[in-house]
Each structure stands twice: as C-alpha cells, then as structure tokens.
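Engineer: My structure is below; once you've seen it, I'll send some questions.
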Amino acid sequence: MLLKGAPAADGILATVKDNIRSQSGSPGLAVVLIGNNPASEIYVNMKVKRARDLGMISRSYRKPSDATLSDILSLIHELNCDENIHGVLVQLPLPKHLDTQTILSSISPNKDVDGLHPVNMGKLLLGETDGFIPCTPSGIVELFKYYEIPLYGKHVVILGRSNIVGKPLSALLMQKHADTNASVTVLHSQSEHLKEITKTADILVSAIGVPLFVTKEMISEKCIVIDVGTSRVPADNPKGYSLVGDVDFNNVVPVCQAITPVPGGVGPMTVAMLMRNTWESFLRHTL
C-alpha cells in the first residue's frame, strides 16, 4: 500500500482555505531565507505560493549568506512586532556561522508556526495543547489518521534524533491520546543491534538523511514504513539529480505492509501543517 501525502494534505488545506474565507482579515506568514541554497529556495517559494493560494498574506525575506547574527535577529524582532504577521519561520539549514538555536529562540513562541522554539518544544514534551507542534511530526500523525492506521499501543521505531523530527515525533507519539499512545524506540545511525530492533517495529519512521539507508533486511512483513528523508543523488536526467529517501524504496516495497513515497509522501503533509499552524496563530491573535 502506497501512503501518498497529497490526498490527506489537500483535505487539510481545503479546510484552512474555507476557514480563511469565513473570517475577516487574512493570516500573515513571513518566511526568512538566508543564503542561496537552491533546495531552500525551492522550499521557500513553495511555502509562499501555497500560503497565497489559500488567501494568506505571505512574504519572503532574503538575506545574503554572509549576513550577521545581529542582522537576522533584528529582522526577526521586526516580524515579531508586526501585527499583520501571525507566523514566522526561518528556512533551515542556516549558513554554518549562524547559530540555529539562537535564531529559532528569537522568534516569538506565539508566532513560531514551525514549532521549534524551546517553549513550544517544552509544551509538547509536557503534553500541553496550547503550543505549536513541529510540522513534520504532526503531519505524520495526520497521515496515520487519514489512512486509518492505529498508533495506540503499537511499537514505533524512529531512526533519527533531530530537534526537527526525531525528538518531537517521539514525544508526540507517546502522548496519552486515542490517536497516539504508542511505544516508541529512538535509534540513530550508530545504534547497536539496529537491524534486530527495526525488525520488531510495527511502524518504522526514518529521518536520518542518509540515502537508501533502510534496506529490506531491516523490515518485517507487518511493518509500515514512513520515509522522512529527502536527498539528492546524481542521476542521468536533465536536472542531473534525483530525489531519494532514507529507504531503499524499490526493494522494501515488496516486503512491507505500507510505505510513503519520496517525493510525495511526508513532504505535502509538512506544508499542510505549516498552513494549519499559521491559521491557528491568526485565530489566537485576533479572537
């Protein structure tokens, strides 16, 4: 079974669009891009366009790769104070001379629609419901809901411990809710007995960013595979590259119960949850 993200994402986006039409005023989303990473440029343009298609006010702010920390913090302060902006996100990764956590922590928690501010991460860990949840983890849970895949009591193995996916996803899946309440094991590329552990998973989520890392030998026949990784590998095509995930898709498909494709799986869900978070931030600021 192929778990495509578009059908689930389209439903979320349609609801957001209808909600915006029913309200006076428009949500405002600001996207900050630092440097000239081609992939980041594509992602920023996609997010800005999607927001505008839904009826939001969406602005992109571009800074050169040699921008100073002071420059970035000054811009974020302006956006924090702008009453027409309800969501602020900084596109990652950042140039190496900039401290990611310092910049993310400077965004107002009430406008942190990416859900990466320490306040929002802490609320997630504590099970509080008034913060913003990081978009990829929340998108994965929504994907399970759409395909009616139960998480309650299931063994979920997560490959990867990043602050963007692995850590917040583990906290989200362990919440004592009817839609989650899973038993979670978090591994990484240096974990011992990795293959033996992944084969015990009811659900395997890979988010380590290593192309084709997950092989068929790591999967059981009952397993549902969620591939969060997206990597460019050289290819003989006009672009000169292809997008692949962490999972050796062609060889894993025959041995697993269900799997997300790359591209077209988790990616659309991440964008949809960003739009939902921006809408919810608008409501919190206006009601």
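Each Cβ is built from the backbone N, Cα and C atoms, and glycine gets one as well.
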Engineer: From the candidates SER108, SER189, SER281, give the one listed by Swiss-Prot for the same NADP(+) site as GLY160, ARG161, SER162, THR230.
Structural biologist: SER189
Engineer: In sequence order, which residues at least six apart in the same chain have a CB under 8 Å from the CB of SER189 (NADP(+) binding site)?
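Structural biologist: SER189 (NADP(+) binding site) has long-range Cβ partners LEU159, ILE208, VAL210, PHE213.
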